[in-house]
Every structure is written in structure tokens, then in C-alpha cells.
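**Student:** Before I ask anything, here is the structure I am working with.
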Amino acid sequence: MIAGLSRRRAIAAVLALAVPVATALPLAADPAGRVVGVGGSVTETIYALGAGDRLVARDTTSTFPAAANELPDVGYMRRLSPEGVLSVAPDLIIAEEGSGPPETIQILAEADIPFVAVPAALDAAGVGAKIRAVGRALGLDAEAAALATEIEARIAAVQARAAGVETPTRVLFVLSAAGGRLMASGQGTAADAMIRLAGGINAVEGFPGYKQLTDEAVLAAAPDVILMMDRGAGGTHDSAGVLAHPAVAITPAGRDRRLIQMDGLYLLGFGPRTAEAVADLHRALYPGKG
Amino acid sequence: MVALSEPTAPVAGDRRGRARQTTWGLALLLLIAAWASLATGAAGVSLSEALGRLISGEGLSLQDRVVLGQIRLPRLVTGLLVGAALAVSGAVMQGLFRNPLADPGLVGVGAGAGLGAVAAIVLSGLLPAGLAAATGMYTVPIAAFVGGWAATLILYRVSTRAGRTSVATMLLAGIAMQALAGAATGLLVYAADDSQLRDLTFWQLGSLAGASWAKLAVAAPIIAIALLGTWGLARGLNGLALGEATAAHMGIPVQRVKNLSILCVAAATGAAVAVSGGIGFIGIVVPHLLRLATGPDHRNLLPNAALLGASLLVGADIFARLVLAPAELPIGIVTALIGAPVFLWILLRRRGLLDM
């Protein structure tokens, strides 16, 4: 069972030739043709770079574009099953930072399957770096550089507009309102970063991550707008429900009935659609400015 | 409470023959489960073909070698050992506490291991860099094992006075310990960020997916020695079924039986939980099924529980990794989802038989 490294390499080469679908790439220098995208924004970037036809599987968080949902699902990005990933016979795995678990990554390394970890992003430069990293893994450096530059410029344009805002809108991001208890975003989250990019300010301060707010904290936060994820028609987040929450109802947001709902991956994914999402959020926060 | 109601002259007949038949049947079941576990999986690797190529000296492709040697085989061995450990621990606990609801949780090992694992997931960022690098992906299993042992030791000290362990005190203190560990776990959950929350939820549901030879190298000897240790407990546990005083008059070293039971259960369950997370229900269902089939004699019950527990867990694992392939379901969901209704069905059909 225990073979020398060179023998292992030789077997890997034989395997690559033997896999029927791999016949289009007889040389090692050719770009990977059977890619697994792990992490919603990574899969989105692969499609945005025009390499969607090279994907053979995705993880549970990869739900955009619609074509991604047709691919086999190898599980949640932090709980990948080693045999599940191997079963789609990949020759490249591109995964968002934090994917795992480490046991699976170790086994994939033993099977000689390249595993590229793409850094997570919470700002324009990060989105650019993410797109460039995906492009490098796919052998599409030029396309990635062009897309990254364009997206960075578009985010910068929104930020320039946002800089002109005199009184920034106070935004309360509500992750969930189940049972009348609000889970709100503090600092260091994707929601907090998006609010800042769009020129708003996070209405709650002083804690990292997502935490439950007391009714009094909701009052003290005095949000002008409630921002939530859109869970589709069947979701539990009907706008009337949150705005009718006794504490929210007497904040400026409740009084003016201002609730913004956006798709979760679109709003918080920090992928190729982030420039659009920032612009959308900016327009929704400052409707008068066009 | 136990067996006392059984008349001395056998009515239903001596069940020793039946127990022996059951053992053979279970051994066969185990072989089938083991073969199925090696032969099935998301990756289409044919076991018979692979064996044929191994025998003829052709060698396997890299992917086949990794799938069989690094994924399915360690996973099978982990499933066998963990299933046996949980089922035997459950049987020993029910015998020791003379309570059909007893499980390894009563010696604190479950709650302690859970607290250890959650602490490792949430606080691993605070570890000194050198220690974190040294333990790496084994931080969580190590913390779970240490947590389980610490909880058991505390409980043992609380309930032992003048060299005599009070089983009733241990039962009550165990419940207090579970509440305390639950509160500490809750505090950590509150402090956790979302990815840590996902990690610890999955940990609590259990999985054999992280099985590896490196983990087995540590866990397998501990579980194996603990299981062998329970071998010598059968007569003592049978005696305890008549009550402690009667057992002592029969010449059974009661305190030694208690010590060895607690030690073996803490070691086996602690190591099992450390490698596979929280897997419920095996420790309750398996011993009761066997008591219904072959009676409460621990000389049959303990080995049969090891065989049935191992087969059931390996079977549940096959289901867990095939049903959503290429993704997989946490195995704790499968054991409870299949185990609970089957158990209820048996209770309904054979009401009264569980008054052990």
C-alpha cells in the first residue's frame, strides 16, 4: 500500500488519463477541467469569469446563478465529506477561506487534488483579491484582473457618492426576528461592512458578530432603516412582522415604515455582484439622491 | 427491581442457547455491515475489483487507494469501535444503576466531553500559538476526552465517601453536573461567532466523517482496553441486579465492580465521543433490544451489545453518507431518526417486558 512519492505521482498521471472526461486535458499544464466551487461567492466568481462549464460540483452555500443549483451538492462548506468530494472526480477545488474540515483537506491533499483557498473579503480591495485568486487558480488571470478592476472602480464610485451624504442613515441589520427576538449585526460582519460601503452607519455598536438585542437596545439604536435578508415568498420575514415589533415600531424606521430586504448571498456574499449590491443599497438608503 | 420477579423454575425456558445463537447471528450481521461499509460510498470504487487487483499485484489507482485506505477503512474501524463502546457502556450503566434509563451521560462523561469540545471550538483562538500548532485538528478530540474524564472524576469524588460509592448520589450529582456543564456550554455558545456555531452544532450531531488512522491510533487502544475490561464485570453486574447488600453477601466485591464500571465507561465513551462527537440512542436501544431477545444476563448481554452496537452504527453510517451523496448527513440524526421509532414500536408491541 505504501508507495514512494514518484510512484504515487506516476499513478496520478495514469489516473488522469484513465478518467474518461479528462481526455480533453492530456497535459498537466492545461487548466483544470473538473472544478468544485466551495463558497457562494467563489462559485459566483467562477461563473462570472465564464468558467461555469468547468464546474462539476458545488457546496450548499453556492446558490447563484441558477445554473449552480443543477450541480451536485457536496455539502456545507465547513463540513465537506472527503469521499463525497472525491466522488465527482475533481482536478481542482477552489474554496473560500475557512472551508474544511481540516481532516477532509488533508485527505484531498493525499489524493493529489489541488485545493486553492481564496481569502475572505469585507471591502472593495478584498473582493478584487478574491476574484484575482479565483482567476489565477483557473488560469484566467487576464479576465480576472479586468473583472476585479471594474468591480473595484464601481464600488469606489458608490463610495464617492456616499462621501457626499451629510446625515448618514442609521441602519439596523436584522439577521432574524424569530419569536419576536431580534438578532442584529454588530461590528466585523459582512452586514456591517456593506452598510459602511453604501454610506450608512450601523445603528448598533459595541459587540462583534450577530447578537440578540433587548427591546431597550433597539430603542437606543434608533435606526432610520431596517435591513434584512430576503428569504423568498415562503420566508418568515414578512415586513409587517418586523415593523410591528413593539420596540421597532416606535423607532424612526418603524414610524416611517422603512424596511429594505435584499437577497442574502447578493447582499453579504462579497463576490462579483457586490458592486451592484452596494449601489442598490446606497440608492435604497438615500432614495431622494437617485 | 430487576430479575427478582423471575421465578426460580424456568417458565420461558433457559435462554442460554438462544443467546448463543444470537451471538452467532450478530457476528454474521457485523460481517455483512462491515463489507457493505467498505463496498459502498459516494465514490464509485468497487471493493471486489480493488481486492482482485491487490491480490494479482496490479496495485490500485491513487484515488481508489485514498478512498479505501484513508476514508472507508478508518471510518469502518471507527464506527465499529464507537458503536461497540456506546452500546456496552449503556448496558454497563443500566446494570450498575439498576435503571433502564441510565446511559453514560450519568457519569458526567457526555456533558463534560461536550463542554470540552465546545470550549475548544470557541476558544481555540486564545490558545498559545505553539500549543495550537502542536495539537492542530486534534484540539477538539483532546479537549472532549479531557473534559469527559474531568467530569467523571469530580462526580466520583462527590459520590464516594469512606471508600464506598453511592450510586444514588452519583445519579443525582450527575444530573446537577449535566446542568452545570450545559450552562457553561451555553455561555460559550453565546460568545461564539456564526462559523463556530455551525461547527459546534455539527459536532453535537456527531459524525464519523473525520475518522483517520491518526485519531484511531490514540482512541482504538483506549476503547479496546475498556471493552475488554467490561468482560470481567458480567458476574458482578448480575449480582448487583439483586441489590448491593445481596451482591455483597454473594461474595461480589461491590466497590470494585463499581470502580471498574465507571472507569471503563468513562474511558470507552470519552474516547468514542472524542472521535465522533455526540451520537445518541445507541446506548439505550441496543441493550434493551438484547434484553428483550435474550434476557438480562450480562454474560450474554455485554458481548452481544458490542456486536449489535457496532453493526448498527456502521449501518447508520452507510445510510448517513449515501442518502445525500455527495454530501452527508450527521450520523446522530440517523441513529435517533431510525432508533427512536423502532424502539417505540417494540415498547408498544411488548409492553411490560421492560420492567427489568
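Heads up, the Cβ atoms here are built off N, Cα and C, so glycines get one too.
What TrEMBL records for B:24-47, B:76-97, B:109-131, B:137-156, B:168-192, B:212-234, B:260-285, B:305-324, B:331-348 is transmembrane segment.
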**Student:** Are the transmembrane segment (B:331-348) and the transmembrane segment (B:137-156) close, by which I mean at least 3 Cβ pairs under 8 Å that are 6+ residues apart in sequence?
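**Tutor:** Checked: the transmembrane segment (B:331-348) vs the transmembrane segment (B:137-156), no contact.
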**Student:** Taking residues 6+ outside the transmembrane segment (B:260-285), which of them lie with a CB under 8 Å of any CB in it?
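**Tutor:** Contacts with the transmembrane segment (B:260-285): 78, 81-83, 85-93, 95-96, 101, 103-104, 107, 109-110, 113-114, 117, 140-142, 144-145, 148-149, 152, 156, 165, 202-208, 210-211, 215-216, 218-219, 222-223, 225-227, 229-230, 232-233, 236-237, 309, 312-313, 330-332, 335-336, 339-340, 342-343.
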**Student:** Test of understanding: applying the rule of at least three C-beta pairs under 8 Å (pairs 6 or more apart in sequence), is the transmembrane segment (B:24-47) touching the transmembrane segment (B:76-97)?
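**Tutor:** Counting Cβ pairs under 8 Å, at least 3, so yes.
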**Student:** Determine which recorded stretch among B:24-47, B:168-192, B:212-234 has the most C-beta pairs below 8 angstroms with the transmembrane segment (B:109-131).
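**Tutor:** The listed stretch sharing the most Cβ pairs with the transmembrane segment (B:109-131) is B:168-192.
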